[in-house]
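Note sheet for the following structure.
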Amino acid sequence: MAGMVKPSGLVKPVSVTRIAGRYLAHQEGLPKLPVPPLQQTCERYLTALTPIVDPEELNHTRQLLEEFQKPGGVGDRLQKGLEQRAKKMENWLSDWWLQTAYLDYRMPVVIHSSPGVVLPRTEFSDRQGQMRYAAKLIAGVLDFKSMIDNETLPVEYLGGKSLCMNQYYQVLSSCRIPGTKRDNVVNYALDKRPPTHITVVHNFQFFVLDVYNSDGTPLTVDQIYIQLEKIWNSSLQSNKEPIGILTSNHRNSWGKAYNNLIKDKTNKESVRAIQKSIFTVCLDAPMPRASDDMYRTRAGVQMLHGGGSRWNSGNRWFDKTLQFIIGEDGTCGLIYEHAPAEGPPIVSLIDHVVEYMKSSEMVRTPMVPLRMPQKLRFNITPEIKKDIEEAKQNMNIMVHDLDMKVSVFSHFGKDFPKSQKMSPDAFIQVALQLAYYRIYKHCCPTYESASLRMFRLGRTDTIRSTSIDSAKFVKAMDDPARHAIRGQAIDRHLLGLKLQAIEDLAALPEIFMDTSYAVAMHFNLSTSQVPAKTDCVMCFGPVVPDGYGVCYNPMDAHINFAVSAFNSCQDTNATRLAQALEDAMLDMKTLLEQTPKAKL
């Protein structure tokens, strides 16, 4: 489920127009997500299976599909049910998707679901630098928030069609709430009195920091700096229980621990203050030093999990939608809880904040005395202490199991495929196929998420990058009518048919019990292009035990890659795939340069 991150390269705003105060009118003008024709999905499903299942399996599946789509048969009935649902709802998929992809998913959000982002290395290496950077960053996020609040966010367009902006309204003042069987997400941004505070965590201690004056103006960089200094000075002791590490546990265990934690009134109020905050800032202790070539990888794991209970994993509230991480050693980035949004709104926010920070040596502030930030108190009973110890152990197991390699491919960037009149994304996806094949001698199901933001409340669908042959694949990836972003891909439609069957209380159709379906849904490669103006890279964990998570940000003259795998799988190795990917890209470049250009 995790790693379904993805704005494909398609999501870059082609042109940007400001439409002040017109968010709702804009949303209502967007088309609804279509339900693709049943026969089309069945045909495309077979095509997608061809390179990844053996011929005997494929024949069996073909027979099941013929039966499934007979007029008046099961498929026909489910398709009609889906079409009815689509008529009634704003988006037939979005609620189901939120539940099945995120809120029903019981693995920890750490590594398995929440992506991290590594920002360019910064120059500071002391607490003053850390707090100055944090103060500017907070001011930059509040500046972005003012565009959301005033509905002056630039509406994004793709090929002349406006994109859904709903996710931007979900990432601030929101939080995931654990349950013992399923979670939910709360969003306080729409309250009559929306939150005016952020949470700051240092040495595992949480503070409420009001970031607005009584007249509604945001605090200046200098004022925020002064407040951060107060927080730092009142959280010097580091022997506190890392209450935040509870949020990293398996969701059912955390759900139980949560119910127990909030029985206490003080604890309940403290937790609520974190949940309601606009976002969280984690002031991290320095991590163990790493060599320059290992620095990015170490930063990647710090963003994803914090390094374990000895380091910064307890300096988090992983349920919070947005957490900015600022290390005393200059390592900066963020982690976000994936349920409310995909990568693009997060990356737009990052790009805005990084630009803002370059220019924000603000005017000096009148020295109005500011209220001391409020420290959040927790009463730790023996039972809660036991839950914390269990979460620490589980976190440390996850930390040891994650195999990560963050690298910069410096030989060329998106400039080279463009010079060959190719899509950089298609080029990288083919290189990934080649790299995987060279290691394993077979093709595997590959997930590349594609944005459905052309449609109201659209999230993602899947580009299945493994196709019958790579040449067809490149053309398909470059085709302006790419199925996935036009709502004509197969994965969400198949999911819809399956959930419709469950909702109708009917027996699950055989095509969903078929071996081919299990193979098709086992994504050994879960990939995502997350393009940003900022020289950053997003990273996430694999979605299957024997798989890889691959995220990349193609810059003009280089490409940032993050590759993850699990150490518990003997067959996978992040460094080996990263190296094979580099070799594949160079070999493809050589091949293209040696091939005479066809006259068009």
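From the backbone N, Cα and C atoms, a Cβ is placed for every residue, glycine too.
The domain 'Choline/carnitine acyltransferase' annotation in TrEMBL covers 33-481, 482-582. Sequence annotations record features per position, and here TrEMBL assigns active site, proton acceptor to H338.
When DSSP labels each residue, the domain 'Choline/carnitine acyltransferase' (482-582) comes out as 34 helix, 23 strand, 44 coil, counted as helix, strand and coil in that order. Mean per-residue pLDDT, taken over the domain 'Choline/carnitine acyltransferase' (33-481), amounts to 87. A simple way to gauge crowding: the CB of the residue listed as 'active site, proton acceptor' has 25 other CB atoms within 10 angstroms, across all the protein chains here.
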